């Protein structure tokens, strides 16, 4: 784990916490009643250089950019703690993180930008509010944005994801072929890497083993990426255990199949709410 000075903890009490590593502003833990909601690989690297394998990495400005670190550079840069952690009158706890362009980023992507990342920890919710600002007086830029969320599950083969029925998706396991999802509840039984387009604002992940449900609500994120490397590709990653794939599922809110166009002096905002629903159905 990174040094304590690199980690920010939001603590709401009752064993409900959220831990953010300033390397990439990566959420590396979210516990509700001391139950961990996020998956982080046992082989994840915390060296301040490599992107952290698990939790909720922040993707900007390009998704799967070939000329930069995977998912681009903000994943491997140190963010600033702008505000907090601060307890709100409601009892919730918030913190705000920021990052600006620098000489290093402009050598890769020659635009000025400012990102703000506000996190609010509630009793059974984690709320994300993201702002992208273009401070240039002249230049327009385009970008992708994604919250690459790794959910911890007891057995991915017995999970169901709703809210994708009827959506078209790009299947990256089949050379980018485009299909339409015909299932009411999506299940995972093989290597999966899909970009679902124009998805509804809400998805629910049900862990059939426990009956626990996770609700994902999103705003200004038109795409939903679903990913699991399965046994086929777990070995491709040195920071991911060969036998870890059954215990995670990535369901990622993003704006990736088409870019956001940001005019000079304007801003873009997107948000996501994760809500745990502890209901045992069986």
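Count begins at 1; order follows the chain as displayed.
Every residue gets a Cβ built from N, Cα and C, even glycine.
Nobody curates TrEMBL annotations by hand; they come from automatic prediction.
Note that the coordinates shown come from a computational prediction; the quantities given were computed from them, not determined experimentally.
TrEMBL annotations:
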ACT_SITE  148  active site
ACT_SITE  252  active site
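Cα spacing between residue 252 (active site) and residue 148 (active site): 5 Å, rounded to the nearest whole number.
The Cβ neighbour count for residue 252 (active site), using a 10 Å radius over every protein chain in view, is 25. All chains included, 23 other C-beta atoms sit within 10 angstroms of the C-beta of residue 148 (active site).
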